[in-house]
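Have a look at the structure below, then the notes.
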């Protein structure tokens with residue numbers, strides 16, 4: 001991805017052809033415009049404010065306590081590994097950091113990023129744990145796609161990946177798991193949960209920390225950070241790594257995700273951002289302000305009878321999907337199929353004359 005596509009480069013001139021100066025230091029030439037503030041700043045100031053804003057988010061939300069063991073979900077965010085390592089050192093958080101990566105078993109997709117994470121282990125001096133779908137579930141995503149096809153494969157990968165991160169974090173005996181979800185991701189999730197009528201997830205998808213009632217809470221220090229700015233920071237790291245002899249590739253896009261439902265929401269968010277950059281933060285703010293009526297029946301969290309993982313059903317979604325794969329019924333637990341949790345898939349509920357079905361829970365009535 002070209003750098004000019006990630007953060008708008010400032011080329012305009014004013015006052016008789018004089019180059020615009022950085023609005024922060026007023027010394028260097030402005031090189032880019034921040035999407036969420038529209039400030040025109042130099043690269044040096046950008047890297048400083050980028051890291052300082054994330055530090056403020058961590059401090060203001062009291063995400064960590066000294067002495068905690070923290071797993072960094074590093075599969076898709078080498079920037080997260082760098083920022084957490086740097087801020088922990090600079091501000092003396094007193095955290096024990098670990099890198100955690102998931103190998104989904106997608107040929108040509110995860111290979112490069114796993115190599116990058118292994119280099120991060122050496123560069124930042126952080127222990128690395130890699131967990132794989134094959135070891136945890138007995139299946140790779142390549143094998144699953146051969147059975148299920150390209151439709152609904154993201155359901156398997158999403159469910160398995162979330163549980164794989166939790167299981168990896170448990171193996172590391174950490175207190176919290178940090179993920180690289182950014183402002184764009186959260187705005188997309190708010191929109192998706194509205195479209196799906198997923199009331200339960202809509203009520204918590206903007207929380208900066210989730211799972212506090214479970215064994216390992218998850219934190220999102222990039223909650224208010226735009227993807228464009230993360231990519232700009234990644235570009236800087238790539239330049240530095242190349243100078244040091246590192247060969248590091250940018251983030252990959254799964255070869256199985258071109259028709260994923262989230263992709264359509266992502267395109268819509270990007271269109272909104274082009275028209276009004278603040279739209280991403282406004283959507284997050286709207287999600288934070290949503291209030292679920294007290295009369296709304298919410299799913300009760302329990303544990304899976306089969307594996308002990310968190311579930312609102314008799315079996316968790318991963319166990320239902322695995323049961324289908326192992327029985328040669330890969331669509332078990334997807335959509336309207338009959339499954340182990342009920343006569344019909346209980347995740348799909350009918351109410352009113354017209355509704356949007358959710359694969360998880362809840363409906364949105366018209």
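Even glycines carry a Cβ here, placed using N, Cα and C.
Unlike curated entries, TrEMBL annotations are predicted automatically.
Since the structure is predicted, the reported quantities are computational estimates derived from the model, not experimental observations.
Record features (TrEMBL):
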- 73-234: domain 'tRNA(Ile)-lysidine/2-thiocytidine synthase N-terminal' (DOMAIN)
- 73, 74, 75, 76, 102, 180, 185: ATP binding site (BINDING)
- 302-332: domain 'Cytoplasmic tRNA 2-thiolation protein 1 C-terminal' (DOMAIN)
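For the domain 'Cytoplasmic tRNA 2-thiolation protein 1 C-terminal' (302-332), DSSP puts the residue distribution at 10 helix, 4 strand, 17 coil. Note on the domain 'Cytoplasmic tRNA 2-thiolation protein 1 C-terminal' (302-332): its mean pLDDT in the predicted model is 89. Its Cβ taken as reference, residue 75 (ATP binding site) is surrounded by 26 other Cβ atoms within 10 Å in the chains shown. Sequence-distant neighbours of residue 102 (ATP binding site) (same chain, six or more apart, CB under 8 Å from its CB) are 75, 130, 131, 132, 133, 161, 164, 165, 168, listed in sequence order. Of the binding-site residues 73, 74, 180, 185, 74 has the largest number of other Cβ atoms within 10 Å of its own Cβ.
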